[in-house]
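Pulled from TrEMBL, these are the features on record:
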COMPBIAS  230-240  compositional bias 'Basic and acidic residues'
COMPBIAS  249-262  compositional bias 'Basic and acidic residues'
COMPBIAS  270-280  compositional bias 'Basic and acidic residues'
COMPBIAS  316-360  compositional bias 'Basic and acidic residues'
COMPBIAS  477-487  compositional bias 'Basic and acidic residues'
DOMAIN    19-166  domain 'PPIase cyclophilin-type'
REGION    221-360  region 'Disordered'
REGION    372-394  region 'Disordered'
REGION    409-487  region 'Disordered'
Amino acid sequence: MSNIYIQEPPTSGKVLLKTTVGDIDIELWSRECPLACRNFIQLCMEGYYNGTLFHRVVRGFIVQGGDPNGDGTGGESIYGHPFRDEFHSRLRFMRRGLVAMANSGKNDNGSQFFFTMGATPELQNMHTLFGKVAGDTIYNMLKLEEGEIYENERPHFPHKILKAEILSNPFPDIVPRVLKAKKSGEEKQKKKKEKGVKNFGLLSFGDEAEEEEQETTEFVQRNFAGKGKSSHDVLDDPRLSKQAVKVVEGSEEKNKTRKDSSSDSEDEESKSKTSGRDKQLVLQEATSVREKLKKRNKEEPKPQSSSDSDSDFGLESERKKVKQEQAAKIREEISKLKKDYQSDKKKERHQEEVVVKKKEAKNEVMKEFLSVQEQYSEKKKQVPKKGSSRENFTLQLLEKFKSKLHNIKDAADDEEASGSKEETNEEEDIKGDNWLSHRLQFEKNDPILAKDAATKDDDWYDVYDPRNPLNRRKRGEKIERKDKPKK
């Protein structure tokens, strides 16, 4: 089996199919089969396979799916037409768990694919092999062939793909397509917007407003039917004139060409006279409407002066200031509460530590340890924090240590001269400062010119050889000479 994995090329791209039997991971050979892999990833990205059935099951052979119709007759590729087959010498149908494209003939690949349930060498160079099932999900794939199957290779209860997810996309340029929606046979009717109805009964001056509305509508229908209204006619603005501008005949004649006949000029004069009469009637009715509106505006209360607005602005600014001050006070109170809470916490911790230390002090073994620990903790409190002061402190300690060494050395020399050196135990030496007066002395390796045999050094030891003739004679043993001539 390992030989097969070595022969197969490395994969690039991974897709997860969530099915009714569990997840199935598919690794793709996108370098060897770019057309099939691109088609498969594009369809997965667009959700084409979601809800499709595994409509064909042949036990020990294949399980086929990917048809939206669910009967093996549907499916299309992303290219708009069936794409060609892709074969590779290192991709072979030698085992189960391989993924290939289903087709009905040569170069007829769409969207349908199948899983192999065993070695299928008869499919070699007939179907595009573009992927494999990875990891333990192959056991979920084997569950697809379980269950009752009809004679036409269709399962009684077919499994289906719930969702397809792309875990690793080897084609970053792939984007989901915008597919045209299928037009239904019956066109949807557009909803007509309902026109708003004015309910004048809700207003206190509803009757008057309703009368004015009727007058304005009648006036507009009579005079401006099929014409546009300008701001001069609608707005009550003294800067806009209601009267029509009189056009000078001389300017009109200049603009006209010399080819115009006299009959045309007479027709234009008659039209201008009739239009002037209509305009006079329109102006009379418009002035009557304006006068009514002016009367009503006078009856309505006038808006407050600028002084009132200034006073309101001042009040609003004062309110804002008061709110800001209140917010600042609240922030200060919150910060104080936080500090108090932290200090209370520190006190509680300190009290707990004191109680723990008292309990531990009851033990005689820990008494000495705690006393030493307290000494060092007190010394640690005297040490200043980081900075120039701490550096000066360390230099002072160094000077003290140097002076202490010199003093102890001088005292030791005086004791040696007087010969009043007392012997102390090892523990006392460790506790006191006598260890500072100790001198490091090395062994002298100078050549010895003369040595006294009577003196015994530390290296002297007794040498006794029992085979030595002197020692044997002392013991009374006879010694036979080896140089005696033999008789």
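Cβ atoms here come from the backbone N, Cα and C positions, even for glycine.
Bear in mind that TrEMBL entries carry predicted annotations, made automatically and left uncurated.
Per DSSP, the domain 'PPIase cyclophilin-type' (19-166) is made up of 26 helix, 47 strand, 75 coil. Residues 366, 370 of the same chain lie 6 or more positions beyond the ends of the compositional bias 'Basic and acidic residues' (316-360) yet place their CB under 8 Å from a CB of it. In the region 'Disordered' (372-394), helix, strand and coil residues by DSSP number 18 helix, 0 strand, 5 coil.
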